[in-house]
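Chemist: According to TrEMBL, the protein has these features:
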- A:13, A:14, A:15, A:150, A:185, A:206, A:207: substrate binding site (BINDING)
- A:97: active site, electrophile (ACT_SITE)
- A:145: active site, proton acceptor (ACT_SITE)
């Protein structure tokens, strides 16, 4: 699968749950791989920094970083260098996630950096206006997620459908090449279908799958109505 | 080697140089291992987050994180969870490096978190006063590094010896169990000897070794006068 | 009154409530002045940055900044320069308030800066350990406030008395010249008395007074049992 | 003068120079007022937070904040509340200055907040891409300033004219109602004329005037070729 071309895409953000740490990160990614293989849906995973190379070594589906810093190689202790992420196996990165917001100038800098390395950029945004702003920076994807719905179990497609349609409209006006994802509260096949019906080309999700009793089954349900 | 007990200790911070990224991180760590084996000196390495598990799988010497975030498991996209670092092979972490400074409350929170997991804490500080403050937080080590000397090639032991002796004195007064390292500009055996003569129980270093033509030889020289 | 010498001291942090903004900041400060005059208790006020010069022009009691940045004069748009605060009428400043936490190195830098200008430093801390660390930096005061109790209406002196006594003990061990205040949830005369009985030389408070129906009466009650 | 309608506009950012602090801030603003009166050019001033109310009380020209925080009234010690700025006399604010960069989400939040209060927003940006992104957020102005030229004495209009023309083009495509300013290194009438010729509707400047031997004369020269 190509991270960029094959939509709809499902990106599973592993965040920093114990349920998606270390050995369990590898297992979760393997479950994603299995569902992708069975269903033909493009599923990408974004494990924690220190799990990334192990996960990338264990699965064939695209692996992404959760964050990359706006730096060039040098003295930046504790930061994530794009080249290091790439060599570890990352084919793209989330940028500006609601739990890791970035300065406007740094969002732009990271998009440019990863573009140079032919990596895929997914900029997370919190409302229609910031989605429009992000689209002007020409990333590959924007993923709009109203922060108050993240981890809530209430899907954005139901609670605030106008955020999804408004984001799609705003992006298409500014830069039709940018693809729009949505996230926050998404966990079921109905949620994913609703997101698609609103114009989203995929979804970004996390706890709805990670904390499910059976993540593989939850993923299968998620992609069942595409 | 035990990261904590066997001093003098040399901690090599890989920072985010290309010379210490990916495959080259593994090679550099292997060179450190070789010098540690040959000389019996306790050498620890702190690779980039995404290189950590590979490096930890390749060498026997202690591996440390460059940074851990003050979080508990949960929704913290892009952050470094202590449990993830531990499972990836980190036996300790740098905290509050001059290139990754932290809030006072977060320095304390990370020291407590890693102590719970039986990992070693090395708090970096910038002068005698902040060294004293860090010592009050009861980490395993403080590593004082005047920021203006980092990467300068001018060793702290020569340029500001009073920072090293002042730090040793301040720490011993507040908490004699805390060990004192020093860093900034250190690269040769003379620098290391001078640091030891001033009371430091080890050194934290980076570019002086990483960017050397022959890092292994540079390391051998570094530990030659202990 | 001298901000530093005359204890017990009551510091009222105006925060950014509308009830303590602009004209209402001047009125609130005047009420504080009246209570200070009537009771002889040392009451200081910390208004918002943009209200500070007006408040300082309107009252005789000590006026403090809520925050000063760790900068020297120059190009630092949007920051608070110590010299500007001093000329506007500030005789001291809060540092590292729980709602405006600072890097360890910056806490130290601001303490040093305001000491040079003969201004009073009050470092806010969140637990016994950070209080000990702050004391090592030799400010005039530390003010310990468990963040979970701030604005809760539950006084620290009742909910976590061991934080107050532990802070007093820790500070006295490290630097007996540093005075200890406590805060969080404090609003009545009983709370203030309890804080004093636990060893605190004063209190830092905010919403309990600012949002009271009659702030002047609330203040009178606060200082009634000293 | 209306901050928004009367262009070309000159905005003088006082930053945190001693030369533009306290009494000298009032004097500098008065010099700006004099030049505005004599020449009919719209000159606005952005003093430090703690000088703002004094300056606003002393001059008739528009006064702006250097920064406003993305908060609503409440417990936000040390932050700048929009309502407080307004009551202190600010008719608008700089947002995201290169020396006080903000999170993308916060840039949007502050633009929305000040719009509600009928205050003028001037978003500072560092290159063509971030200018385009800022324009999508619908502020009143964007002010593009390549950071490496700030305080350099080398005018952006000469060193990187394509940044100015590129910014004007990008903004007009996304939102033609947004006005474009430019800054960095601007101090003379020739610089201002060149900026105007490149399509900018005004300039943002600081040290070139503030540190001039005779700021009033420097300002007169600046606006002499409009």
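Heads up, the Cβ atoms here are built off N, Cα and C, so glycines get one too.
TrEMBL annotations: computationally assigned, not manually curated.
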Chemist: Name the residues of the same chain, 6+ apart in sequence, whose Cβ is under 8 Å from the Cβ of residue A:13 (substrate binding site)?
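Modeler: In sequence order, the residues whose Cβ lies under 8 Å from that of residue A:13 (substrate binding site) (at least 6 apart) are A:46, A:66, A:94, A:97, A:204, A:205, A:206.
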Chemist: Relative to the Cβ of residue A:150 (substrate binding site), which residues of the same chain, six or more apart in sequence, are found under 8 Å away?
Modeler: A:98, A:99, A:183, A:184, A:185, A:206
Chemist: Which whole-number value in Å describes the distance between the Cα atoms of residue A:207 (substrate binding site) and the residue listed as 'active site, proton acceptor'?
Modeler: 14
Chemist: Sub-8 Å Cβ contact with chain B: please pick out which of the recorded positions A:13, A:14, A:145, A:185, A:206, A:207 have it.
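Modeler: Going by the Cβ criterion (under 8 Å to chain B), the qualifying recorded positions are A:13, A:206, A:207.
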Chemist: Using all protein chains in view, find how many other C-beta atoms are within 10 Å of the C-beta of residue A:206 (substrate binding site).
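Modeler: By my count, 26.
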Chemist: Using DSSP reduced to three states, classify residue A:207 (substrate binding site) as helix, strand or coil.
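Modeler: SS state of residue A:207 (substrate binding site) = helix.
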Chemist: Once the DSSP letters are reduced so that anything not helix or strand counts as coil, what is residue A:13 (substrate binding site)?
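Modeler: Assignment for residue A:13 (substrate binding site) reads strand.
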Chemist: 10 Å Cβ neighbour count around residue A:185 (substrate binding site)?
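Modeler: Around residue A:185 (substrate binding site), other Cβ atoms within 10 Å: 24.
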Chemist: Using a 10 Å cut-off on Cβ-Cβ distances across all protein chains shown, tell me which of the binding-site residues (A:15, A:207) has the largest neighbour count.
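Modeler: Counting every other Cβ within 10 Å of each candidate, the maximum falls on A:15.
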Chemist: Measure from the Cβ of residue A:14 (substrate binding site) and count the other Cβ atoms within 10 Å, all protein chains considered.
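Modeler: Counting Cβ neighbours of residue A:14 (substrate binding site) within 10 Å gives 27.
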Chemist: Sort out the sequence-distant neighbours of the residue listed as 'active site, proton acceptor' for me: same chain, 6+ apart, CB within less than 8 Å of its CB, listed by position.
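Modeler: Listed in sequence order: A:98, A:124, A:125, A:126, A:156, A:182, A:183, A:184, A:204.
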Chemist: If you run the three-state DSSP split on residue A:150 (substrate binding site), which class comes out?
Modeler: coil
